[in-house]
Structure formats: structure tokens, C-alpha cells
Amino acid sequence: DGEWKFSLESVKKLKALMDENSHINPRMVVSKAGYSLCDDKDLPEEFQPVCKREDAPAIFERLNLAVGEDYLCEICANAACAGCF
């Protein structure tokens, strides 16, 4: 994502965390708006520098979209790779 480079496994973990958070029960005391991925203890360490930026939510959303298509093979999902036919 721009100047940022992350491992595919970490981005998949990020997606899993974002998917879990999108299904929060509305009766919970903590609102979704008050939740930050950066506060999640399961967030991979390599995302900590992103958390220091104001645009962290936008970066996380773009990364989530990058691995959001289940039908893409992992090789083709990476723009730097080629090989799926």
C-alpha cells in the first residue's frame, strides 16, 4: 500500500480481525466507532508503525480490500507476481 509493505499472512490476519469486528453485537457497551484495530492485542506487530498515522483506518481498509476477493489465487493477488492462468 504505497510506501508500506506487509506480509500476506499479516494482511490475512488483519482481514480476519476486521471481519470479526464488523459483526459486533449492537447491544455491547463499547461501540464499533470507539473500537480501533490498533488496540487489538492480536494485530500483527508489523502494523504498529501504521497505527501512529492519522490515515491508519484508510490504509487498513485498502489492505482488507486487497485480500477480499476469495476467488483470486494468492500469486495473482500480488501485483508484483505473475503466474495464474
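The backbone N, Cα and C atoms fix where each Cβ goes, and this holds for glycine too.
Pulled from TrEMBL, these are the features on record:
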DISULFID  C38-C51  disulfide bond
DISULFID  C73-C81  disulfide bond
DISULFID  C76-C84  disulfide bond
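Take the CB of C51 (disulfide bond) and look out to 10 A: across all protein chains shown you find 14 other CB atoms. In this view, C38 (disulfide bond) is surrounded by 15 other Cβ atoms within 10 Å of its Cβ, with every protein chain counted.
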